[in-house]
Amino acid sequence: MSSDRRKDSAEGSSRSTGAGNQQQQQQPAPLSRYESQKRRDWNTFGQYLKNQAPPVSLSQCNCNHVLDFLRYLDQFGKTKVHLHGCVFFGQPDPPAPCTCPLRQAWGSLDALIGRLRAAYEEHGGSPDTNPFGNGSIRVYLREIKECQAKARGIPYKKKKKKRNQIIKAMAIDEAKPSKQAA
């Protein structure tokens, strides 16, 4: 009788293990950090549009709604941006705290727009009508970048490649023997 119990319990455990394996195979792989953030950002933007008075559908959304969304998010920022009248304006490392507001960092906004731009197209939007890729969004981000750079005393200057460096790199590539010849 005890051998019958062992047999039943062994069969029962093998059945439950088999069912567990099937459940694991049916579950999709977990999303990457980028994909999870993109989904959260898309849902947040959708909720923002729904909360407008009157609510705005995604098909009616334009670059002005996106700019308003970025301005709305600014109040939740964590980056100190010194105002023109602040004694620490233009200093990279201020020696004391001040009352200047906290804003969204330019890099965070830039990354957000990139994720929302991709999400818009993944949800059936046309690249031609993508409000996140509008020129006015790029201008807004550039202004934020320059304003924050001045406030912190860090000039953002685009690095230019020297013509000689490009020519040298091309010469090195041409001098390397190809793998197909060997």
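Just so it is clear, glycine is given a Cβ too, placed from its N, Cα and C backbone atoms.
TrEMBL labels come from automatic prediction, so no person has curated them.
As given in TrEMBL:
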type	residues	note
COMPBIAS	1-10	compositional bias 'Basic and acidic residues'
COMPBIAS	11-21	compositional bias 'Polar residues'
DOMAIN	33-160	domain 'ALOG'
REGION	1-37	region 'Disordered'
Tell me, what is the mean pLDDT of the domain 'ALOG' (33-160)?
90
Just to be sure I understand, if DSSP states are collapsed into helix, strand and coil, how many residues of the domain 'ALOG' (33-160) fall in each?
74 helix, 4 strand, 50 coil
